[in-house]
Amino acid sequence: MVWEEALVAGGPTAAIQAALQAPFFPASGTRPADVQLAARRRRGGKGGMARSDTAFRLQECDCRGVKGACPPPPAVGLASWCPYYSAAADGPPRLYRWHEAPAVLRYNPYIKSGYRAGLSARQCCASLLQLHNESGNIWSHLLPALLMLALAAGGQLEAWHGAAAAYWANVGSILACFLGSVVYHCFQAHHHCHDRLLKLDVCGILLVLVGGGHMVLWWGFACFPATRLAFVVSYYTCGVLSVWAALRAQTAVGRGLPMLALLLVRLAAFGTRLALEGWAGAPALQHYFAMEVFSLAGGALNVLRLPERWLQPDDPKQPAPLDLFFNSHQIMHVLVALAMWQLHLGAAADHRRFSALLDGSLSCPGLLAGASMS
């Protein structure tokens with residue numbers, strides 16, 4: 001193979017350059033013995049050159065800009081199977097520019113440099129203390145996770161008396177969201193496992209979205225049992241379908257649409273609570289409003305790739321100013337962390353109100369007060 005010859009002659013850097021420049025298939029049209037692409041089956045459409053469903057059980061080859069289902073690497077390891085892993089094994093890991101990085105990592109065309117690739121799990125852990133274009137994404141969720149864990153362990157977070165399970169479901173789902181994101185961004189440089197790591201990240205997001213619905217709906221509509229039942233059934237039905245759809249999705253849009261469906265149900269519940277009780281009757285709504293504002297702002301910036309879209313170099317192969325810090329995904333992470341804190345504060349406010357309704361120190365509004373808590 002071309003890159004193997006370049007590795008012997010010029011070292012890891014020459015091997016990667018040769019691999020990137022060489023065509024994926026030889027001119028004769030035959031496929032290399034160590035790479036077998038599989039056609040993905042699509043309902044109502046034509047098969048395309050893409051990863052098949054069985055690719056998650058195999059190693060993912062993405063060294064020349066094309067992803068395919070590949071046989072497991074030989075016993076000597078990944079270094080002999082992929083030039084990125086070979087380069088990382090032969091010396092200190094280097095950072096790649098956008099046009100050099102594996103295709104699976106090039107999901108933001110406005111981040112031009114700072115890509116890790118071909119790292120072992122140990123090297124990925126070591127990169128926590130190094131500077132690259134995922135450093136901000138990792139630490140913007142690792143620090144809030146450590147802070148929240150320390151506050152919970154130290155008893156600094158408000159305990160929900162009589163609702164320990166709900167408390168730990170709230171705190172645990174938020175921590176799972178943070179830690180799933182940290183694992184994904186830290187270990188995605190072990191890039192043949194990228195899609196499995198992405199599923200873990202998506203699961204963390206869905207866990208906090210679905211798990212947080214209990215407090216928002218069950219406690220929030222305590223005085224309106226019929227309305228509560230309607231929203232709980234709608235939200236959790238939508239939640240189950242969203243988890244199924246998001247984990248099967250192959251694109252960012254496919255993963256985002258199920259989350260948008262949950263957002264619409266939450267906004268409907270928010271508007272209903274506001275109409276029934278007003279701001280004064282439900283203090284938690286202020287926190288939930290802030291949560292949605294932070295989430296929507298972060299999601300919009302991430303989709304629009306702002307502000308890095310505005311600050312691009314004249315030469316597309318040169319680094320951009322926001323490659324390492326203050327790009328859209330990092331800003332979204334910070335806003336998501338603020339949203340998760342507001343979710344916890346809102347749930348705590350709903351618990352205080354629900355407890356007051358149970359002990360009689362607060363009554364339900366209107367004519368429903370007598371029957372709603374039965």
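Placed from the backbone N, Cα and C atoms, the Cβ positions cover glycine too.
All annotation found in TrEMBL is predicted automatically rather than curated by experts.
Taken straight from TrEMBL:
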- 138-155: transmembrane segment (TRANSMEM)
- 167-187: transmembrane segment (TRANSMEM)
- HIS185, HIS329, HIS333: Zn(2+) binding site (BINDING)
- 199-221: transmembrane segment (TRANSMEM)
- 227-247: transmembrane segment (TRANSMEM)
Subject >> Listed in sequence order, residues not in HIS185, HIS329, HIS333 with Cβ within 8 Å of the centre of the Zn(2+) site Cβ atoms >> reply: GLU134, GLY136, ASN137, ILE138, SER140, HIS141, SER181, GLN330, MET332
Subject >> Secondary structure at HIS333 (Zn(2+) binding site), reduced by DSSP to three states >> reply: helix
Subject >> CB contacts for HIS185 (Zn(2+) binding site) [other CB atoms within 10 A, all chains] >> reply: 24
Original post:
Are there residues of the same chain, six or more positions away from HIS333 (Zn(2+) binding site), whose CB falls under 8 angstroms from its CB, and which are they?
Top reply: GLY136, ASN137, SER140, HIS141, SER181, GLY298
